[in-house]
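These notes are about the structure you will find just below.
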Amino acid sequence: MLAFLNQVRKPTLDLPLEVRRKMWFKPFMQSYLVVFIGYLTMYLIRKNFNIAQNDMISTYGLSMTQLGMIGLGFSITYGVGKTLVSYYADGKNTKQFLPFMLILSAICMLGFSASMGSGSVSLFLMIAFYALSGFFQSTGGSCSYSTITKWTPRRKRGTFLGFWNISHNLGGAGAAGVALFGANYLFDGHVIGMFIFPSIIALIVGFIGLRYGSDSPESYGLGKAEELFGEEISEEDKETESTDMTKWQIFVEYVLKNKVIWLLCFANIFLYVVRIGIDQWSTVYAFQELKLSKAVAIQGFTLFEAGALVGTLLWGWLSDLANGRRGLVACIALALIIATLGVYQHASNEYIYLASLFALGFLVFGPQLLIGVAAVGFVPKKAIGAADGIKGTFAYLIGDSFAKLGLGMIADGTPVFGLTGWAGTFAALDIAAIGCICLMAIVAVMEERKIRREKKIQQLTVA
């Protein structure tokens, strides 16, 4: 029934390596664009809820608590699905899996739209459909990581994944325009258009995405990426390919028993406290504590996203220049984050505030990308989805939740771990950044050992 999700592996074509390498580019770009545009589109049917909240309050009389319940449903299913759905996707055609999940998510959001009548809503159906949409979207990032990793050489992996990572920045930035266009021009200003129009776009993108590309050059008979680009197959891939390990055995051995993956999981929790803490509370801090105008506060939020866009592109490339030392590069960025948080906290005018938020966006999204890239370097390709998913689960269920609720309570004056007020909030951000540095430093050491070991193996092979 779902045969189109199965992997396709064709015998390697009897052609010279140079010819197969030239044939690689077109199917790679098709596959890359599918996961890039597909993941971007997922944000169009995710962030539209944030944009529509004020209209949902005025049109249907929903309370902040009710809106919070709807959002919480998405966060829980998204966090849980990061591991469950990504585990299922491993061993499947992950390029096909992403547009298929996009289609299912779009259908759910159409159901979400239908639960809003002309003058009344069904809160239960809204929570159910939005939660289901989150569950289906949860594997988008993991499928993208898996697909891109199978197509690209290790020495360029950070660059390709870094460029893909801007898809969510572009999707988040474009969500407002798409939602408002749907409401104002197609539904006479009614809030329901903010959900129906993006969902239709997502359906179209999803069905087109199913037609192009695949999850690996092996699907076209081109051989593995390592063979095409003259790289040694990783130790983890050699081990899983030379044995008849089941998917569960691979998951247990290379994910659950993998010390590096657990280090990255906890590092990701700390990083999400920093990232979401800044993202969630920057406008409130600027207005309440720094006494800046609401317009300047919003400008700072926008510059944080702009800095993230630039940083996402640059940090992956820098880690490639460092020969794949993702942990080391992440530690440098995290140290700079701590210094910049001090400037941001004590900003004496709007220009320092705006500059510090741009710098924080630039710096924070470096480690976020590099934690994911580091994870795929320590697992076989058959476990990339689950490895990326499990760190996402921890980040959303613990880091994201603490950043939104815990930091909010601290800023509001409620003591949490002895911290209170805005000074306590920034202390929590500093502690989280330091915790992330400590864990990433350990990862950097283990990464260095792995790089040197693989270099020695390659030298022996050449000799």
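Every residue gets a Cβ built from N, Cα and C, even glycine.
The topological domain 'Cytoplasmic' annotation in Swiss-Prot covers 1-24 (among others). Mean pLDDT for the topological domain 'Cytoplasmic' (1-24) in the predicted structure: 87.
Non-local neighbours of the topological domain 'Periplasmic' (46-60) in the same chain are 67, 70-71, 74, 116, 119-121, 130, 133-134, 137, 171-172, 175-176, 178-180, 183, 190-191, 194-195, 198; each lies 6+ residues outside the stretch with a CB under 8 Å from one of its CB atoms. Residues annotated as topological domain 'Periplasmic' in Swiss-Prot, with a curator's inference given as evidence: 46-60 (among others).
Here Swiss-Prot flags 82-96 (among others) as topological domain 'Cytoplasmic', drawing on a curator's inference.
Summarising the annotation, Swiss-Prot assigns topological domain 'Cytoplasmic' to 142-159 (among others) and lists a curator's inference as the type of evidence. Cβ atoms under 8 Å from those of the topological domain 'Cytoplasmic' (142-159) belong to residues 28, 31-32, 35-36, 38-39, 82, 86, 89-90, 94-95, 97-98, 101, 167, 215-218, 225-226, 228-229, 231, 315-320, 323-324, 326, 369-370, 372-373, 376-377, 381, 384-386, 388-389, 392 of the same chain, restricted to positions at least 6 beyond its ends.
If you look up Swiss-Prot, you'll see 181-189 (among others) marked as topological domain 'Periplasmic'. Applying DSSP to the topological domain 'Periplasmic' (181-189) sorts its residues as follows: 6 helix, 0 strand, 3 coil.
With helix defined as DSSP H, G or I and strand as E or B, the topological domain 'Cytoplasmic' (211-259) counts 26 helix, 0 strand, 23 coil. As annotated by Swiss-Prot, topological domain 'Cytoplasmic' applies to 211-259 (among others), with the evidence given as a curator's inference.
The topological domain 'Periplasmic' (281-297): residue composition by secondary structure is 12 helix, 0 strand, 5 coil, according to DSSP. Annotated topological domain 'Periplasmic' per Swiss-Prot: 281-297 (among others), in sequence order.
Long-range contacts of the topological domain 'Cytoplasmic' (319-326) within the same chain, counting only residues at least 6 positions beyond its ends with a Cβ under 8 Å from a Cβ of the stretch, are 154-159, 370-371, 373-374, 377, 443-444, 447-448, 451. Positions annotated as topological domain 'Cytoplasmic' by Swiss-Prot: 319-326 (among others).
For the topological domain 'Periplasmic' (348-357), the number of residues in each DSSP class (helix H, G, I; strand E, B; coil) is 8 helix, 0 strand, 2 coil. The annotation topological domain 'Periplasmic' is assigned in Swiss-Prot to 348-357 (among others).
The annotation topological domain 'Cytoplasmic' is assigned in Swiss-Prot to 379-391 (among others).
Secondary structure counts, DSSP: the topological domain 'Periplasmic' (412-425) has 5 helix, 2 strand, 7 coil. As annotated by Swiss-Prot, topological domain 'Periplasmic' applies to 412-425 (among others), with the evidence given as a curator's inference.
Cβ atoms under 8 Å from those of the topological domain 'Cytoplasmic' (447-463) belong to residues 232, 234-235, 323-328, 374, 377-378 of the same chain, restricted to positions at least 6 beyond its ends. Feature annotation from Swiss-Prot assigns topological domain 'Cytoplasmic' to 447-463 (among others); the stated evidence is experimental evidence.
The annotation transmembrane segment is assigned in Swiss-Prot to 25-45 (among others) on the grounds of sequence analysis. Outside the transmembrane segment (25-45) by six or more residues, the chain places 95, 98-99, 102, 105-106, 109, 133, 137, 140-141, 143-144, 147-148, 151-152, 160, 163-164, 167-168, 170-172, 174-175, 178-179, 195, 198-199, 201-202, 205-206, 209, 212-215, 217, 219-220, 222 with a CB less than 8 A from a CB of the stretch.
Annotation comment: Swiss-Prot describes 61-81 (among others) as transmembrane segment.
Annotation source Swiss-Prot lists transmembrane segment at 97-117 (among others).
Marked as transmembrane segment by Swiss-Prot: 121-141 (among others).
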Is it the case that the transmembrane segment (190-210) and the transmembrane segment (160-180) touch, counting contact as three or more CB pairs under 8 Å in which the residues of each pair are 6 or more positions apart? yes
Whether the transmembrane segment (160-180) meets the transmembrane segment (61-81): three or more C-beta pairs under 8 angstroms: no
Can you tell me which parts of the same chain pack against the topological domain 'Periplasmic' (181-189), counting only residues 6+ beyond its ends and a CB-CB cutoff under 8 A? 55, 195-198
Spatial neighbours of the topological domain 'Cytoplasmic' (82-96) not adjacent in sequence (6+ beyond its ends, CB under 8 Å) are 4-8, 31, 34-35, 135-136, 138-139, 142-144, 146-147, 150, 210, 213-215, 219, 247, 250-251, 382-386, 388-390, 392-393, 396
Counting Cβ pairs under 8 Å to the transmembrane segment (298-318), which of 61-81, 97-117, 260-280, 358-378, 426-446 comes out on top? 358-378
